[in-house]
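Some features that TrEMBL has for this protein:
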- 58-76: transmembrane segment (TRANSMEM)
- 88-108: transmembrane segment (TRANSMEM)
- 151-171: transmembrane segment (TRANSMEM)
- 192-213: transmembrane segment (TRANSMEM)
- 219-238: transmembrane segment (TRANSMEM)
- 250-266: transmembrane segment (TRANSMEM)
- 278-295: transmembrane segment (TRANSMEM)
Amino acid sequence: AAVDIQPACLGLYCGRTVLSGEGSVETYGDCGVCPRGQRTDDNKICRECVGSPDRYDWLYLGFMAMLPLVLHWFFIEWYSGKKSSSALLQHLTALLECSAAALVTLLLSDPVGSLHIRSCRVKKLSDWYTMLYNPSPDYITTVHCTHEAVYPLYTIVFIYYAFCLVLMMLLRPLLVKKIACGLGRSDRFKSIYAALYFFPILTVLQAVGGGLLYYAFPYIILVLSLVTLAVYMSASEVEFFKDLLVRKKRLVVLFSHWLLHAYGIISISKLDKLEQDLPLLALVPAPALFYLMTAKYTEPSRILSESGNGH
């Protein structure tokens, strides 16, 4: 198509919308913000996003979808108590809520009714923060060109969190009221109250640090999975392999951390070269095995007793 830029369209993300196009001639509007679902091309023309998310984009969306689920599970376990039999059912309900929210979010995204979504490709970090690049040609008047250049990776997370919150408020209170018999009246709803706190926090985190999370989430997963596994095994006083086999709950926690660790490795490598990247997954059990083999040598009571004998 013939491109006619006049006058120059300033700003990194300002563009001209296509008003009409007949044959090889297109007519453009004034320089300004691109409509939702479009972003500027190299010629400062707003073009519709017709691509699909690549593997890394889906892994990022999966990470953002896992955050509320992991937090749900953590607070359910934290407030359910050791003797409560309702924790498992609450865990399954939280999984159902997040899965249903993800499914509804994908079905309502463009194209509507399909699990596929239409997206623009992320080119650089500034694509996430277009509001910081509004130009001021005369240093007085600001041309507002803020739009979602990474459509829909930014807003789809907010939509998902909204559905998670709505489904939780519809399902969880009725469930907890019926099954949480082992908890006190004031304790049975604490996991729901916790969600009412962490959902706003997650929303602000996505709004402010969405672009940073996009590039850093694989390393965040690896670090958090290692730290939380070490803290859990230390707090549970797991020292030998038989300690894991005695209680199935500990095995579930261990395998959950291994899955997160594998997710982080896959996100970093992107599995572009299977013959090189798949062997990296063999490293997943290494931190837990290292901890189990060295825990008996670092037990505080043993270190104190040996230091006392030395004196």
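Note: Cβ is positioned from N, Cα and C throughout, glycine not excepted.
TrEMBL labels come from automatic prediction, so no person has curated them.
If one looks beyond the transmembrane segment (58-76) by at least 6 residues along the same chain, the residues whose Cβ comes under 8 Å of a Cβ in the stretch are 87, 90-91, 94-95, 97-98, 102, 153, 156-157, 160-161, 164, 168, 190-191, 194-195, 198-199, 202, 206, 213-214, 217-218, 221, 263, 266-267, 270.
Cβ atoms under 8 Å from those of the transmembrane segment (192-213) belong to residues 60, 63-64, 67-68, 71-72, 75, 78-79, 125-129, 150, 153-154, 157-158, 161, 164-165, 168-169, 172-173, 176, 220 of the same chain, restricted to positions at least 6 beyond its ends.
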